[in-house]
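**Student:** Shown below is the structure under consideration.
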Amino acid sequence: MNILTDPTKLQGCTDTNANKCVEGDGEGSVQVQLDPDLKIGTAKVFSIYGKGGIGKSTTSSNLSVAFSKLGKRVLQIGCDPKHDSTFTLTKCLIPTVIDVLESVNFHAEELRPEDFVFEGYNGVMCLEAGGPPAGTGCGGYVVGQTVKLLKEHHLLEDTDVVIFDVLGDVVCGGFAAPLQHSDRAMIVTANDFDSIFAANRIVAAITAKAKNYGVRVGGIIANRSDATDQIDKFSERTGVPRVAHFPALDIIRKSRLKKSTLFELDHSPELAKVQEEYMRLATELWEGKQPPCEGKALKDREIFDLLGFD
């Protein structure tokens, strides 16, 4: 992995070889360039972004289960130093890639797949990339090492769906690295200003990465919200569709406290509706019924004006 500020210095980019040149993500950007050979392969890859605490891990885990119930082989990758993305699937905090690499003094050849990939509920395979110590290192490096390990152990060859659950609303080059592997980036947001403001920044990050990679905006997942009027305003202005809606139900909040996905809880009418929504979303994403969109992020002032702030 290379961190570059000058896009003309990318490997393979010369004045006489312009077809290999890659434009920068934006003026003054510091880019994390992953090894171009580290491609995930034939699996459909989705990255889940959104404001910190908005419910990305809950959304990711239940979406993973929904895909698995469609008969798909699913791998969920948590990209957060807290390494708690998959614990409702595995019922525990599993060791991170960084943890296990450190245990063998970063001699990756000494690792076995079972050292860092764990089976969760309904056969969903779970991995926590982890992250560098606070204030040091780069999350993009961790993502790169994780994909490298998976490829070296041929763990992506039998995978249909990969879901990256990504730290907060950070859109730096490091934590935007999963976008370089993704087909679609989904944005989780609530019906409030802070969540939508973060969503707008994420749209900008996805659009920047889309210049050089195959990732596209997949849509907005409304979460923890009974109403969606503010989200729908934002959706109309940016061209990013709302593709699912999960209301603010106490049963969803409690599912995480119970270390369970929503598909494991006792039946109730309101729970059944949420399960059906996850199954509908997974089906549409798998079948490509939600076409990619060319979302256009708003300027900060436009967000304030749009949502009624003076």
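Placed from the backbone N, Cα and C atoms, the Cβ positions cover glycine too.
Here Swiss-Prot flags Gly53, Ile54, Gly55, Lys56, Ser57, Thr58, Lys82, Asn223, Arg224, Pro247, Ala248, Leu249 as ATP binding site, drawing on sequence analysis. Look at Swiss-Prot and you will find Ser57 tagged as Mg(2+) binding site. Positions annotated as [4Fe-4S] cluster binding site by Swiss-Prot: Cys138, Cys172.
What's the neighbourhood like for each of these?
**Tutor:** Counting every protein chain shown, the number of other Cβ atoms lying within 10 Å of the Cβ of Ser57 (ATP binding site) is 23.
Secondary structure at Cys138 ([4Fe-4S] cluster binding site), as computed by DSSP, is coil.
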**Student:** Go through Gly53, Gly55, our binding-site residues, and report the one whose Cβ sees the most other Cβ atoms within 10 Å.
**Tutor:** Gly55
**Student:** Check the DSSP secondary structure of Gly55 (ATP binding site), expressed as helix, strand or coil.
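**Tutor:** Looking at the DSSP assignment, Gly55 (ATP binding site) belongs to neither helix nor strand, so coil.
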**Student:** Among the binding-site residues Cys138, Ala248, point out the residue whose Cβ has the most other Cβ atoms within 10 Å, with all shown protein chains included in the count.
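**Tutor:** Of Cys138, Ala248, the one with the most crowded Cβ is Cys138.
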**Student:** Within 10 Å of each Cβ, count the other Cβ atoms and name the one among the binding-site residues Lys82, Arg224 with the highest count.
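**Tutor:** Ranked by Cβ atoms within 10 Å, first place goes to Arg224.
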